[in-house]
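Chemist: There's a structure below that I have some questions on.
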Amino acid sequence: MAGRSGDSDQELLKAVRYIKILYQSNPYPKPEGTRQARRNRRRRWRARQRQIREISDRILSSCLGRPAEPVPLQLPPLERLHINCSEDCGQGAEEGVGSSQISGESHTVLGSGTKE
């Protein structure tokens, strides 16, 4: 694991082992009994899986010092996006297709959404 010290690698592997044990301690329920009994067992199993997932997230975040999930990418507002069609409009050229640019000024692509 690049960029880490050996100690933190060992701690991370230990945390992964703990998480694996947690998931192995909650096997999927057997398909026996009445429909209602099976449904109840699956419902309880899903609740335990949810708890295990939350515990696993807490273990990983304490081990890594940050959340396990990546930070979502911030996208620019839609009002600033437009398709640049000034060079090759209607020619069918491949290089003009799908090229969107962000401009400094605001272009209205669609109306305000109200019907007139």
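Here the Cβ of each residue, glycine as well, is placed from N, Cα and C on the backbone.
Below, the features straight out of Swiss-Prot:
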COMPBIAS  36-48  compositional bias 'Basic residues'
COMPBIAS  98-116  compositional bias 'Polar residues'
MOD_RES   SER5  phosphoserine
MOD_RES   SER8  phosphoserine
MOD_RES   SER99  phosphoserine
REGION    18-26  region 'Homomultimerization'
MOTIF     34-50  motif 'Nuclear localization signal and RNA-binding (RRE)'
MOTIF     73-84  motif 'Nuclear export signal and binding to XPO1'
Chemist: Which residue counts does DSSP give the motif 'Nuclear localization signal and RNA-binding (RRE)' (34-50) for helix, strand and coil?
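Modeler: Helix (H, G, I), strand (E, B), coil: 16 helix, 0 strand, 1 coil.
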Chemist: For SER8 (phosphoserine), which residues in the same chain are close in space, meaning a Cβ under 8 Å from its Cβ, but six or more apart along the sequence?
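Modeler: Once residues fewer than 6 apart are set aside, SER8 (phosphoserine) is near CYS63.
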